[in-house]
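See structure below.
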Amino acid sequence: MKKVTLLGGTGSIGLQTIEVLKQHPEQFELYAFAFGAQVDKALPIIQEMKPKYIVTKDENIKEQVEKDITYDAKVSSGLEALRTISSLDEIDIVVNAILGSIGLQPTLDAIRAKKQIAFANKETLVTAGHLVMEEARKHNVELLPVDSEHAAIHQCLKGESKESIKRIILTGSGGSFRDRSRAELKGVTKSDALKHPNWSMGAKITIDSATMMNKGLEVIEAHWLFDVPYDQIDVILHKESVIHSMVEFNDQSVMAQLGTPDMRIPIQYALTYPGRSDYRMSQGLDLLSFGQLHFQEMSFERFPCLEMAYNVGKTGGSLPTVFNAANEEAVQLFLEDKITFLDIEEVIEKAVSNHETISKPDLDTIISLDQETRERVKAANG
Ligand SMILES: NC(=O)C1=CN([C@@H]2O[C@H](COP(=O)(O)OP(=O)(O)OC[C@H]3O[C@@H](n4cnc5c(N)ncnc54)[C@H](OP(=O)(O)O)[C@@H]3O)[C@@H](O)[C@H]2O)C=CC1
Ligand SMILES: CC(=O)[C@@H](O)[C@H](O)COP(=O)(O)O
Ligand SMILES: [Mn+2]
């Protein structure tokens with residue numbers, strides 16, 4: 001029986017993780033459960049699965065949980081509590097499905113405690129990939145990707161040497177506005193932006209997908225996870241999201257991983273790794289129902305956030321921290337109707353161009369920069 005800490009348990013990935021855990025009661029125990037503020041989603045899970053530790057975003061939410069639970073559990077709140085449950089002696093696996101760079105320190109703690117890590121929280125790798133990967137190497141811990149593209153690449157690379165990789169090919173759906181020109185993006189609404197063509201996901205990543213920032217973050221995520229230079233990472237448009245990503249090898253072979261757009265599949269794979277469960281989470285892929293799969297060249301003119309991500313990734317140092325923090329805040333401002341869809345890329349561009357890059361920033365520098373960038377973006381657009 002493996003004991004699991006789940007960070008971000010009330011989110012899209014978190015709830016699907018719970019579904020996967022419930023399919024394998026003989027294999028996994030939900031030992032610690034962290035969420036932000038959605039008590040209505042958290043309580044039924046807590047009452048049913050009875051985790052020994054519960055962590056909430058703040059004290060107010062913590063008190064609500066304490067009032068309602070009917071068994072003994074340690075309830076706490078805030079970043080230090082997230083860090084504690086990510087490195088408890090008793091646990092075997094941390095599923096990091098929290099949203100945003102707040103996942104950084106819990107990830108470092110889980111690595112130092114040598115936990116198996118099922119990793120969805122891409123913002124953490126963007127903000128401080130060098131620190132996370134250095135720590136992972138030092139402690140001989142592999143981050144097991146949950147993000148569908150990276151889970152695909154991870155599977156394509158099983159048993160392969162890094163030297164044999166010609167390039168990684170990330171596929172991108174194009175997001176909610178893929179059939180619109182840039183001129184047609186003026187005045188698009190939040191509710192339109194939140195309609196992803198293929199995946200049901202949290203609000204932030206759905207907006208990131210529409211700006212193509214999601215693919216940009218994924219390029220940086222792939223660079224760190226697989227130690228591949230940026231000029232060996234390509235992105236192509238693939239509107240069906242059936243091929244989750246590919247690897248081309250030096251001998252011209254191309255390996256791809258395919259599947260239905262169902263995140264429970266990569267979540268289950270990361271939890272059961274290196275094994276593969278027999279349990280089928282949903283109907284299998286029916287290629288005939290698609291008839292055709294489509295591929296199209298990616299355009300930096302149409303999706304400037306993707307070009308920015310390549311440039312920021314290549315520059316490295318502290319720039320990705322600023323890039324990520326500005327994006328997190330810009331998307332939040334858009335979701336609060338404070339800026340328009342097209343303002344998102346402008347806010348990020350401004351934050352990036354005003355920043356003087358520090359090479360190899362340490363953890364304290366990253367934490368301060370993340371905070372300062374957020375405050376600056378909010379002050380300028382609040
Ligand atoms: N959704 C998807 O299909 C995919 C997501 N990912 C990545 O996975 C991560 C999660 O995405 P997704 O599930 O969509 O996001 P959601 O917004 O649906 O969920 C985010 C989770 O994080 C919790 N959370 C946020 N802030 C805090 C905090 N300060 N303290 C404690 N908990 C907090 C939320 O709690 P609450 O809601 O209760 O406030 C919620 O449980 C992201 O990094 C995303 O990029 C990657 C690939 C696919
Ligand atoms: C499910 C998943 O991994 C998402 O990151 C997804 O890939 C988003 O779709 P886009 O290809 O539109 O960014
Ligand atoms: Mn993805």
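Just so it is clear, glycine is given a Cβ too, placed from its N, Cα and C backbone atoms.
TrEMBL entries are annotated by machine, without manual review.
Of the residues proposed, Gly174, Gly175, Gly187, Gly202, the one TrEMBL records at the same NADPH site as Thr10, Gly11, Ser12, Ile13, Gly36, Asn121, Glu123 is Gly202. According to TrEMBL, Lys122, Ser148, Glu149, His196, Ser209, Asn214, Lys215, Glu218 bind 1-deoxy-D-xylulose 5-phosphate; the candidate from Ser86, Ser87, Ser173, Ser253 that the record adds to this site is Ser173. Each of the binding-site residues Gly11, Gly36, Gly202 was scored by other CB atoms within 10 A of its CB, and the lowest score goes to Gly202. You'll find the Cα of Gly11 (NADPH binding site) roughly 14 Å from the Cα of Asp147 (Mn(2+) binding site).
A separation of roughly 17 Å, to the nearest angstrom, links the Cα atoms of Thr10 (NADPH binding site) and Asp147 (Mn(2+) binding site).
Glu123 (NADPH binding site) falls within a helix when secondary structure is assigned with DSSP.
Residue counts of the domain '1-deoxy-D-xylulose 5-phosphate reductoisomerase C-terminal' (143-226) by helix, strand and coil are 42 helix, 11 strand, 31 coil (DSSP-based). Ligand 1 lies within reach of none of the binding-site residues Glu149, His196, Asn214, Glu218, judged by a C-beta closer than 6 angstroms to any of its atoms.
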